[in-house]
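Engineer: Among the features that Swiss-Prot reports, compositional bias 'Basic and acidic residues' is placed at 1-13, 1055-1074. The annotation compositional bias 'Polar residues' is assigned in Swiss-Prot to 53-67, 233-244. The compositional bias 'Gly residues' annotation in Swiss-Prot covers 444-465. The region 'Disordered' feature in Swiss-Prot is assigned to 1-80, 220-255, 439-469, 1055-1112. Annotation source Swiss-Prot lists topological domain 'Cytoplasmic' at 1-513, 580-598, 754-772, 840-858, 901-920, 967-992, 1034-1112, citing sequence analysis. Residues or ranges marked as topological domain 'Extracellular' by Swiss-Prot on the basis of sequence analysis: 537-547, 621-734, 793-820, 876-880, 941-945, 1011-1015. Residues or ranges marked as transmembrane segment in Swiss-Prot: 514-536, 548-579, 599-620, 735-753, 773-792, 821-839, 859-875, 881-900, 921-940, 946-966, 993-1010, 1016-1033.
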Amino acid sequence: MKVEEKAGVKKLEPTSYRRRHPEQDFPSIHIGFPVPGYSQRKSDSKGHLSGLQRVQWSLQPDKSQQDLAGPDGIKASSLGGSVDFTKRIRSPAAEQLQDILGEEDEAPNPTLFTEMDTLQHDGDQMEWKESARWIKFEEKVEEGGERWSKPHVSTLSLHSLFELRTCLQTGTVLLDLDSGSLPQIIDDVIEKQIEGGLLRPELRERVSYVLLRKHRHQTKKPIHRSLADIGKSVSTTNRSSARSPSAGPTLHHSTEDLRIRQSTSYGHLCHAQSRSMNDISHTPNTDQRKNKFMKKIPKDSEASNVLVGEVDFLDQPFIAFVRLAQSSMLGGVTEVPVPTRFLFILLGPSGRAKSYNEIGRAIATLMVDDLFSDVAYKARNREDLIAGVDEFLDEVIVLPPGEWDPNIRIEPPKKVPSADKRKSVFSLAELGQMNGSVGRSGASAGGGGSGGGAGGSGAGGGGSGNEAEMPAMHEIGEELIWTGRFFGGLRLDVKRKLPWFPSDFYDGFHIQSISAVLFIYLGCITNAITFGGLLGDATDNYQGVMESFLGTAMAGSLFCLFSGQPLIILSSTGPILIFEKLLFDFSKANGLDYMEFRLWIGLHSAIQCLILVATDASFIIKYITRFTEEGFSTLISFIFIYDAIKKMIGAFKYYPINTDFKPDSITTYKCECVAPDTVNTTTVNDSALLVPNTNMSVYTPLNLTALDWSLLSKKECLSYGGRLLGSSCQFVPDLALMSFILFFGTYSMTLTLKKFKFSRYFPTKVRTLVADFSIVFSILLFCGIDACFGLQTPKLHVPNVIKPTRPDRGWFVAPFGKNPWWVYPASILPALLVTILIFMDQQITAVIVNRKENKLRKAAGYHLDLFWVGILMALCSFMGLPWYVAATVISIAHIDSLKMETETSAPGEQPQFLGVREQRVTGVMVFILTGISVFLAPILKYIPMPVLYGVFLYMGVASLNGIQFWDRCKLFLMPAKHQPDHAFLRHVPLRRIHLFTLVQILCLALLWILKSTMAAIIFPVMILGLIIVRRLLDLIFSQHDLAWIDNILPEKEKKESDRKKRRKEVHENTDKEPQFLPPSVVKIPMEGIPSDPQNGIHCVGRKRSSSWSHSL
């Protein structure tokens, strides 16, 4: 088949240098790529180019050296040499792609499910058999069994892509065809082929007969059908063997066999009128509707069908690419009941089955490519499709055949590069292709990714220009803009949050919310009990466990109902506990009333918080970069981990392991209760006393002298003044070891069940359910283990009566009457420290929660959050309850428990993180349950405390995930060759990274020392000190380094942005036409690739160079 040039395909002969072999003269592939001129500054190359600059694929015959100079006088030296030129190379394909892909107003195109069917012959019968399918990655039908292969990355030969390009150039292309059935589509395609002289009219019925054969799909069959098929296949094989002892498999693929059998089959076409030409049903069959694979296909998807095969009656390929105007159900053509939008048909002469199959795989792979699928949907003509293929060729990676086995299936990557990056690349300065850039940018590939694949460049790939290597600027949301108006920020927060208020409730009705509520509830009550007990010891029970429970329930529920960020969980913190202890000691030493003094400090602090809200003081949070965020969150995580381990070690001290126990001396071990020397003979009425083996009522008055002290229990003996005597009296079962099993078992089981989501066992929904309820399952499991053993491990004790811990105080604190008048104004000074502490804790936690990595779509409310924290502080001060502020670790755990991922993902594709389920229901339910925990005390008393310590440990460890500081700390222990491919490691020297990490470690150590001493009262001031330290780092590190390992401070960002803007204006005024080097040329001999003119699919040779000369 002769390859003809089509309209709109222009011949472009770039000026290039080519080195000729002294003894050979043969056609060559010239792979050219434009290089930015060296006279132009690199920093000026970004964003000033129009058109899509592409890698140029050009097949041209050898020319004399004089012809290479070009009509414009452009001269080229050897590859990589400096070249002067004055004209920019622009390709028609670049303009086409820029026009059709530049429209961003349209809705995204549906996901394409692509199925490839190959023509199979069984005797006189023919059918289309499904051989492969794609959603994102390729799945093949295994030849040795009725099963699908694992999803894998499609590996295509470069030659098949060239042949596909030729197919689109020479075949029939029908765009927006208005047909609703397969016979009608085939009739239109055949008619178009006959009109174009590509098919002889007498072959119409033969081609139509082949294309309308039934399709057999690789679907899962019931077990009874599978056994029946096995028996049928065995009997068929026996009959075939009886007819011909040398007979091969049932399906014949050899050319000779096909020719003989097809001639017999087509001989029956004369009787076509007596039987149907169409074997395909118009509606989906039962197998299609029941196919479970439909769950993997996104909603509103469309299908792309690829049909390839070989026949003996064609002397040139029958090629057609069809795009329907509206997707239509084509009956049994597709494996699943998905409407078809695209068809690619390739029927060719016999003997090239493998070549046709590779071309089919190539077009199928392109159809599921994000960018080419957009081109296919928006293409206006044939040239647009060819331009899409050329863009795909720009991104193709070629592996040397001697270094890679194509039979090895490449596992799908964990992170796939976004197609948006490719779509936005319309200039060479931003080109992040594998083949499109050289020089310095090629050495620093993958600007934004954490790996080669993620960055789009990997090893050996071209990166961006100098400016493109910089990461995204530190984005400051509009919530932190200083308005300059009285309560301006608060009013804007309210306006932003009001539209989302109804959805904050109905978005919470999801099964995932149940797991989040139980997880955070257990963390909150554990924290409330621990903090309440410590606070009771520090304040002589003026504030205890009951006050902690009531304050947590009231403050937390009100905050989650009305705050700007309801995902934040309020709790008490260590610095507040230290402040309360110092305040109580000061009041006691100076004869002041502690509760009244504390009330005035809380009122002043609340007023100061409201002043900060009124003046939009929260805008200074934009100066908190990753350096401060990660230092603060890492410190809180370490506190959780340290406290959990410390409490576990305390169990070993309280219940020591019996190292002196000797099993051989068990007969000498005894313990008995001995009566005291003098016993009061008066009677005792004690309901707790129960003498074993007697019928004595528990309420019967007892005479202690009449008791048999040897029958009393340990508790009874000690309560009535008796003494324990014996060598085994100090024996304690190994409660410490059992507590450790419960503690570490809960932590490790939770961690394992969380990772179970990414295992290979059980269906996706089961794994997701187990991962979401991992905390609940772990707690229930180890509570059951503790109950089975029946050991007296420490249990959770919750007050069962709502009353103040101290009997001489009530639920309201009077503001006057117990302290001198000067105490009221003097409390402003300690209130200032509390305000700094509250402000920093609250806003740093809010910044961490509102990170862009969490993909929160509802607006934040920094001013509204601080407003409610101030109001709640005043309310808690009047009621004598603890003060509450945002809890970093529990808030991060709340975020993690509400993360959403794609419900349907393509086989082999990792679930994509969609964001967080933003709502108020979980927070409100957590604190309501905390409040009614008093009535749940009979149930909660069965929960061992070591289990809750394990939950604490998990919270601390889990909150360290995703912190870059922790990743950089681990680099100290890794050799360079084993270090992960983090993005910052590509752009910042390792010694600079270690220096930055050491500074953070020193700051963290200083904060830890302050927290552990009485100087913890100045802890909030030291948080402010972190911001100062970060500003001083600008004197040590460059802005480039800080951009990768931290964030650039706002004023630095503004200066950088202004500098770029001025430079852009100067560039636009002085240099409207950026210059490029002429394409450098690599000569690839084509002598070993034979052309076969008979089938019409081949690489274009000496006289067909224009078919390939698109400068892309």
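Including glycine, each Cβ sits where the backbone N, Cα and C put it.
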Engineer: Which residues, given as numbers and ranges, are at least 6 beyond the ends of the transmembrane segment (735-753) yet have a Cβ under 8 Å from it?
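Structural biologist: Hits for the transmembrane segment (735-753): 644, 648, 651-652, 654-657, 770-771, 774-775, 777-779, 781-782, 785-786, 789, 791-794, 944-947, 949-951, 953-954, 957.
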Engineer: For the transmembrane segment (821-839), find every same-chain residue at least 6 residues outside the stretch whose CB is under 8 Å from a CB in it, and list them.
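Structural biologist: Residues 575-576, 579, 583, 592, 596-597, 600-605, 608-609, 612, 617, 866, 869-870, 873, 883, 885, 1017-1021, 1024.
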Engineer: Check the topological domain 'Cytoplasmic' (840-858) for me and report the mean pLDDT.
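Structural biologist: Computed over the topological domain 'Cytoplasmic' (840-858), the mean pLDDT is 83 on the 0 to 100 scale.
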Engineer: Could you check whether the transmembrane segment (514-536) packs against the transmembrane segment (881-900) - three or more CB pairs closer than 8 Å, residues at least 6 apart in sequence?
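Structural biologist: Yes, since the transmembrane segment (514-536) and the transmembrane segment (881-900) share at least 3 Cβ pairs closer than 8 Å, they count as touching.
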Engineer: With DSSP helix as H/G/I and strand as E/B, how many residues of the topological domain 'Extracellular' (793-820) fall in helix, strand and coil?
Structural biologist: 0 helix, 1 strand, 27 coil
Engineer: Apart from its near flanks, which chain residues at least 6 from the ends of the transmembrane segment (881-900) lie with a Cβ under 8 angstroms of it?
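Structural biologist: That would be 512-513, 515-516, 519-520, 523-524, 527, 531-532, 535, 543, 547-548, 550-552, 554-556, 559, 567-573, 576, 580, 602, 632-633, 636-637, 640, 772, 775, 834, 837-838, 841-842, 844-846, 848-849, 854, 865, 869, 872-873, 913-919, 922-923, 955-956, 958-959.
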Engineer: May I ask whether the transmembrane segment (548-579) has at least three C-beta pairs under 8 Å with the transmembrane segment (946-966), counting pairs 6 or more apart in sequence?
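Structural biologist: Answer no: the transmembrane segment (946-966) and the transmembrane segment (548-579) share fewer than 3 Cβ pairs below 8 Å.
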Engineer: For a three-state summary based on DSSP, what are the helix, strand and coil counts in the topological domain 'Cytoplasmic' (754-772)?
Structural biologist: 14 helix, 0 strand, 5 coil
Engineer: Residues sitting near the topological domain 'Cytoplasmic' (580-598): Cβ under 8 Å, six or more positions beyond its termini, same chain?
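Structural biologist: For the topological domain 'Cytoplasmic' (580-598), the far contacts come to 535, 538-540, 542-543, 809, 813-819, 823, 827, 830, 877, 880, 882, 1014, 1017.
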